[in-house]
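K.L.:
One structure is given below, represented as structure tokens, and several questions about it will come after.
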Amino acid sequence: MHNLQVRRHYAALKGFYLFAFLGTGSIIPLLSMYLTKEQHLSGSQVGLIMSLGPIVMIFFQPFWGMLSDYTQKTKGLLAVCTSITGIIGLAYIAFDSFPLFILIAACFAAFQSTIIPLSDSISLRYTQETNGNYGGIRLFGSLGFGVAVFAMGQVTNQLYPIHVIFIFGCAFLCIAAILASQVPGQQKTTKVNIRKGFRELISNKTFLIFMIITFTTFAPNLANNTYFSLFLDKSGASLSAIGILFFIGVISEIPFMRFAQTFIDKMGLLNVIMLSGGVSLFRWALYFTAPSLWIIYATVFLQGVAIGLFIPAALQYVKKITPRHVEATALTMYAAIGNGFGNWFCTFAGGYIFDYVSIFAVYLLFGILSIAGFGLTLYLMKAEKNKHTLHQPAVTFKP
């Protein structure tokens, strides 16, 4: 493959992740504040709107994956859905009705749910074909999200009204859509029968077990984004400190994503997944004990270890254990379990625990889930050593 073309494709992929996450990072973290401050919605109304995203993703992410596998037009689908996501975001400015906000939130989540799994599918396939580093591309997403959260907080606090987050978000997502049209395409393969492909995945015991690992290990890290500010506030952190710690946590993912492939090459996929799960478990156990603020400051980088290593390793593992012709479906099912159902469950259950017990008890729930994920990862590691004890379909692509 021509070196110049490869460099252009890598630049397009990095640019897409950067601007796509700049877009979503501009809107999602401050959406609840916009609905509360400018639209004067109640807490329960805001909670309902914010909970729609994960629920919608549960259903739509597998749909987009199956559509991608069937049409084999992944990058076109990605470009269209990314631009539509940004345009839908503008509707929050145009309307001021709670029922319409519910509709807008559902539509926004439906199209936004394509961004991560389809771009990951393209990036994983291309880095494998060119012996590249997926983590070196994906880190631009963490960079974009971290910069967006920090910058939008400053912009809306000092310069402009909060509704500008939708204008910036739309602009960034439209730029990402243009870049999506420049990413590498995929080679044509035999079109998959959607029902047959889905049955193939749900009959894959290894895949199903790993979906549970994703639910128990990765989902608490996502739900932590909802409760971390409450945890910090209860621990005595100021508002400015909370913003800085959020930023440091997101940015800390970058170096670990950058060197994740080095860890994977030396340790193996499941060992890296177990390492990230162990770090998550340690973090939740620490937070459950209501530590001093200086300990929280000193350990915030653990988010980078837990998420920065898990994402590249988990995606490559899903790709490894599933046939190529249902790859996009598998990745979107993985996203639906982690970003969708798992995130929703941990956030929903955590809300009840926070209301009736304490914010620190929320991290006990996260810790219990992480213990289960750690144990299942050990099970898969043993099963890999004794492959005859665990049935899995033949993989139809070269690793």
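Numbering starts at 1 and runs along the chain as it is shown here.
Glycine is no exception: its Cβ is also placed from the backbone N, Cα and C atoms.
So Swiss-Prot lists the following for this protein:
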type	residues	note
TOPO_DOM	1-8	topological domain 'Cytoplasmic'
TOPO_DOM	36-42	topological domain 'Extracellular'
TOPO_DOM	72-75	topological domain 'Cytoplasmic'
TOPO_DOM	102-105	topological domain 'Extracellular'
TOPO_DOM	124-134	topological domain 'Cytoplasmic'
TOPO_DOM	181-210	topological domain 'Cytoplasmic'
TOPO_DOM	231-234	topological domain 'Extracellular'
TOPO_DOM	260-269	topological domain 'Cytoplasmic'
TOPO_DOM	316-327	topological domain 'Cytoplasmic'
TOPO_DOM	380-399	topological domain 'Cytoplasmic'
TRANSMEM	9-35	transmembrane segment
TRANSMEM	43-71	transmembrane segment
TRANSMEM	76-101	transmembrane segment
TRANSMEM	106-123	transmembrane segment
TRANSMEM	135-157	transmembrane segment
TRANSMEM	161-180	transmembrane segment
TRANSMEM	211-230	transmembrane segment
TRANSMEM	235-259	transmembrane segment
TRANSMEM	270-289	transmembrane segment
TRANSMEM	293-315	transmembrane segment
TRANSMEM	328-355	transmembrane segment
TRANSMEM	359-379	transmembrane segment
K.L.:
With pairs restricted to those 6 or more apart in sequence, evaluate whether the transmembrane segment (211-230) and the transmembrane segment (328-355) have 3+ C-beta pairs under 8 Å.
P.N.:
yes
K.L.:
Compare 9-35, 76-101, 106-123, 161-180, 235-259 by their Cβ pairs under 8 Å to the transmembrane segment (328-355) and return the stretch that comes out on top.
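P.N.:
Most contacts with the transmembrane segment (328-355): 106-123.
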K.L.:
Under a Cβ pair cut-off of under 8 Å, which of the recorded stretches 9-35, 161-180, 235-259, 270-289, 293-315 contacts the transmembrane segment (76-101) most often?
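P.N.:
Between the stretches 9-35, 161-180, 235-259, 270-289, 293-315, 161-180 has the largest tally.
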K.L.:
Where else in the chain does the transmembrane segment (43-71) make close Cβ contacts, counting only residues six or more beyond its ends and a cut-off under 8 Å?
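P.N.:
Residues packing against the transmembrane segment (43-71) from afar: 28, 31-32, 35-36, 77, 81, 98, 101-102, 105-106, 108-110, 112-114, 117-118, 121, 191-192, 194, 197-198, 325-333, 335-336, 339-341, 343-344, 347-348, 351.
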K.L.:
Give the residue counts of the topological domain 'Cytoplasmic' (72-75) per reduced DSSP state, in the order helix, strand, coil.
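P.N.:
Split into helix, strand and coil, the topological domain 'Cytoplasmic' (72-75) gives 2 helix, 0 strand, 2 coil.
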K.L.:
For the transmembrane segment (235-259), name the stretch out of 9-35, 106-123, 161-180, 270-289, 293-315 with the most CB-CB pairs under 8 Å.
P.N.:
293-315
K.L.:
Should anything in the same chain at least six residues away from the topological domain 'Extracellular' (231-234) have a Cβ under 8 Å from its Cβ atoms, list it; otherwise answer none.
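P.N.:
241-242, 245, 287, 296, 358-360, 362-363.
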K.L.:
Among 106-123, 161-180, 270-289, 293-315, which stretch has the most Cβ pairs under 8 Å to the transmembrane segment (9-35)?
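P.N.:
By Cβ pairs under 8 Å, 161-180 leads among 106-123, 161-180, 270-289, 293-315.
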K.L.:
On average, what pLDDT score does this prediction assign to the topological domain 'Extracellular' (102-105)?
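P.N.:
On average, pLDDT over the topological domain 'Extracellular' (102-105) sits at 94.
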